[in-house]
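Novice: Provided herewith is a single structure, encoded as structure tokens, for subsequent inquiry.
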Amino acid sequence: MLLPVFTLKLRHKISPRMVAIGRYDGTHPCLAAATQAGKVFIHNPHTRIQHFSASRVFQSPLESDVSLLNINQAVSCLTAGVLNPELGYDALLVGTQTNLLAYDVYNNSDLFYREVADGANAIVLGTLGDISSPLAIIGGNCALQGFDHEGNDLFWTVTGDNVHSLALCDFDGDGNMRESFPFQLLVGSEDFDIRVFKEDEIVAEMTETEIITSLCPMYGSRFGYALSNGTVGVYDKTARYWRIKSKNHAMSIHAFDLNSDGVCELITGWSNGKVDARSDRTGEVIFKDNFSSAIAGVLEGDYRMDGHTQLICCAVDGEIRGYLPGTAEMRGNLMDTSVEQDLFRELSQKKQNLLLELRNYEENAKAELSSPQSEADGPRGIIPANTKLHTALSVNLGHETQAAHAELCISTSNDTIIRAVLIFAEGIFLGESHVVHPSIHNLSSSIRIPITPPKDVPVDLHLKTFVGYRSSTQFHVFELTRQLPRFSMYALTSPDPAREPLSYVNFVIAERAQRVVIWLNQNFLLPEDTNIQNAPFQVCFTSLRNGGQLYIKIKLSGEITVNTDDIDLAGDIIQSMASFFAIEDLQVEADFPVYFEELRKVLVKVDESHSVHQKLSAEMADNSNLIRSLLVRAEDARLMRDMKTMKNRYMELYDLNKDLLNGYKIRCNNHTELLGNLKAVNQAIQRAGRLRVGKPKNQVITACRDAIRSNNINTLFRIMRVGTASS
């Protein structure tokens, strides 16, 4: 239970997910939030605001306890915390699409101001790995960077796509979030993946169904997450405890112990203004409240300075509410009541189900007596006790009117028919569910369902099948789960040397060929009559998506060659093998001529974009100086009543202003193109890393970045091919 203790109404809008609390003087907690027009406001209810003379900060004309910080760019992320432990107070960190500002609010000075080419979409502050000093870690355009209090770039790595959320969590369970242990970095990105980094090594990946918009640590290895489609849930390491989906969007999530039981609940602020608290174990709502506008952020702090930590909810219209958790006595009463209510609810549900089942049996019996069915039709609503449901997965190469796809076949063991099938699966169907309901004229004892997964990930298909007879008014529901293999969209075909891809990955593993065959059977849909001989052997697959070829060759020595022009597919195969065979470190030799040539062109474009940026910046600086000169000369002419000269100067200013506007448009287009090319470069480094496992993977990513820093393109491609810069 949460008890409301204060409400504030600020006259500034708050940008969603950009609000933080910090003790910027080491004592008084202040609320900082991004607002409109590239500004950040700081609300300090405890002391009078200083009257700053600097250009960055000024007092709000609307409220005496609010000061405004000029960023002059659209703010994309914001946080607060201890960046320099020697100072003894918190710093404010503000990210934009081009820069990161670390600001000392107390002394009204910049700790550092760094340009970040990949932008800053998300930010988190804390310790990471063996780096002793706190880092401001930002996630941007497929890249992660960490800066210390002096602005030194101490951490850098790449990830699969644009970063949308970051959190630090004790993922491996070797520490306590409340103490000073090195944590793992959780990264949520646009490619629907949650990645866990231990320093610069990916130690776990979880695939979700939409963009991960928020992440928050809870306790131990447990963390909460939110997706852009309105889903929120909780993971413990790689196992998902629960999830729920709403028609509204989750704007912010936070972990807070609202019932004083020592376990944090997941607090969610929604786009419709609702705030709810859910049990970390079941997802059941145990508290809710409503605001008049969307929630901008949920956080905690001792904002009243009375020794009690409050849960603080901020709405986008500037309304702020603080809540205190219930006392231990209240918790005891609430827990007793909650247990009784849960038990009563569970028993009532069982009673309703049993009554419904009994009524169905009674109706069936009455129907049997009043209108006996023929044997051909079968008894109404009753099927033989030995009825079984069979499922099979196969590859369908398609035809003129239907594209190639994986196919799920469901059949019964007797003359009963399948009336409908409900399939629940993540990432395959729109809305995560699919219903197949044949017409009354097409009913039979078997049904074939096309399945086209967009990504190569294993998927659990949860099936609910309605089985009965043609005349049945009630049907028996069979529930079962079938896993779709990771590479189900690849059909086994005969090798064709003329179509064999030139690109390859070559490596050696200490595994018997029979174990590789087991891996093939678990990850591909092989026909039942497939007979793979002992090594050496090769298998050939054709992609059902684009017709691309995949060859996997195994030699007696344990050497494996994967031929494919798709570098992402090669990486997926290597990561799948590494997981199956428990390989900790794997170095490979790889060559993707077409992909590397495209990457070379992208790197040339990056250099061109940097040159254009420098040239445009120099021109803008020259034009700015010329504007000052023209303004002075125009005003001098006005004072001397030389109207003709004044008019000429202002005409020159008008033309110069048009040139500046055109130059700005060119700079924007150049920056957009640069971001796209930098994303392609970062993704190429990440793909080269995914071709390796363990230490070789980290070494490749680090070496690639060093090669790019030194602008040594030939070394970069050598590293991608053989994993090292040395000959």
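Note that Cβ sites are derived from N, Cα and C of the backbone, with glycine treated the same way.
Just lifted these from TrEMBL, have a look:
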- 344-371: coiled coil (COILED)
- 20-126: domain 'Ciliary BBSome complex subunit 2 N-terminal' (DOMAIN)
- 165-278: domain 'Ciliary BBSome complex subunit 2 middle region' (DOMAIN)
- 402-487: domain 'BBS2 GAE' (DOMAIN)
- 490-581: domain 'BBS2 platform' (DOMAIN)
- 593-690: domain 'BBS2 hairpin' (DOMAIN)
- 695-721: domain 'BBS2 C-terminal helix bundle' (DOMAIN)
Novice: Below 8 angstroms Cβ to Cβ, which residues of this chain, lying six or more residues outside the domain 'BBS2 C-terminal helix bundle' (695-721), approach it?
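Specialist: Contacts with the domain 'BBS2 C-terminal helix bundle' (695-721): 156-158, 199-202, 585-591, 596, 599-600, 603, 607, 681, 684-686, 688-689.
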Novice: Of the residues in the domain 'Ciliary BBSome complex subunit 2 N-terminal' (20-126), how many are helix, strand and coil by DSSP?
Specialist: 0 helix, 52 strand, 55 coil
Novice: Over the span of the domain 'BBS2 GAE' (402-487), how high is the average pLDDT in this prediction?
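Specialist: Result for the domain 'BBS2 GAE' (402-487): average pLDDT 92.
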